[in-house]
């Protein structure tokens, strides 16, 4: 764990700096600046990659495994930088290298159990990640951070996510077949012993593991990012103005190897010889994986721990803004303030926090806090404990984290995430995005065109989703897969046919609807939504539901 730069619970150690990291890896000072690349390569300028190329370090000889949805290895900006298994004879139907995988010339598909790790999911996720790491430097498209590194495609995700067994096997495959760096741009709220053991295996075998911190705006990373207390490094997202977006998970109060990198509107390779701009910590992590490849190309003798320490020790630290205390509450007195509460220092639990007008950041203690955002575009975090938070006016980002929280948005287009625990989430007026998180949650949209997320990936969970007035979208799946798959279900209490929508991944052929009394609400018939034979949601007291009109497949 790095100690030369102060650790911040929002941004960890700060923005990754390729120039400083590679210079430190070879015992030199930070390299001289070079002109910015500009345009679609603005992220390269932010992490100072061109300064490293100028000194001759380009990732040459380093293999980066992209363990994801696959990679379009035919893309003209990637095809010359795809790893090839030189110990395998193509097309002879034999396992020439004895690694247990027949004809794995360019990686492996653990979803379909074959040697074609092509990115076929439709979202282009793995291909986009691969381009950020190692797109070729040519006269078109984009350029990767480690422009001469090799990409090892390992497909473990389909449109519904991936299994723990496939993910763990994919990590071990990458380690055993020569990867120097592994990029994991996915995650979820629950720990997995299989995945944790595979990441530790990589660490012990000398492989650097880079993970995405998560996109639910939590006050700490999701898994596997949270394993960075011991193994690997996890990455949050910032935009080109060095501002952390609402969705990026923070570093958390428990120190771990966490840095930030560009992750908003990042343009990169996409299947079908295309390019797309995508946002998320999934895009930030490959910047750091690319920088790790540059570090290792300069000094291949570094251990994973030494690489991680180099990245954190040379990051550009961000400052902590000031606050003042008044009448048992923290009153944030400038327009853009941040304050983090330490339990037991300033007040007994429950701790009261009140922001003034302006755009404030308030993070509560691990106890049960009462936080009032007042006016302005506020970032309010409860941290641990059973917290009560009011957003006030304007556009607020509210995070409950652990504990049974009561979160209220009020006026403005708010983003509210309950985190772990049995939470009550209320959007208030305007168009809100509401996530219950893990636990048995009650989510109320109230007025406006709201997005209510039923978010459950393991364990038994029953959430109640009430949209309120106007046109609401009930989200039952996303990058994490299908919610409530083998894990309880959501109850949608106030369905309005022709106004409301259901959002799920995949296509209509994978789902079915039933119309019967499912013993929720009144004696009227309900609509059951099934993934195969698994009930994932009940629309209470309404059968006015059909796929063509009411479902959005993503």
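The backbone N, Cα and C atoms fix where each Cβ goes, glycine too.
No curator has checked TrEMBL annotations; they are predicted automatically.
What TrEMBL says about this one:
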- 68: active site, charge relay system (ACT_SITE)
- 125: active site, charge relay system (ACT_SITE)
- 282: active site, charge relay system (ACT_SITE)
- 59-317: domain 'Peptidase S8/S53' (DOMAIN)
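Feature map: annotations from TrEMBL on the structure.
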residue: 68; record: active site, charge relay system; DSSP (3 states): strand
residue: 125; record: active site, charge relay system; DSSP (3 states): helix
residue: 282; record: active site, charge relay system; DSSP (3 states): helix
Within the predicted model, mean pLDDT of the domain 'Peptidase S8/S53' (59-317): 95
Distance, residue 282 (active site, charge relay system) to residue 125 (active site, charge relay system) (CA atoms, angstrom): 8
Sparsest-packed of the listed active-site residues (68, 125, 282) - C-beta count within 10 angstroms: 125
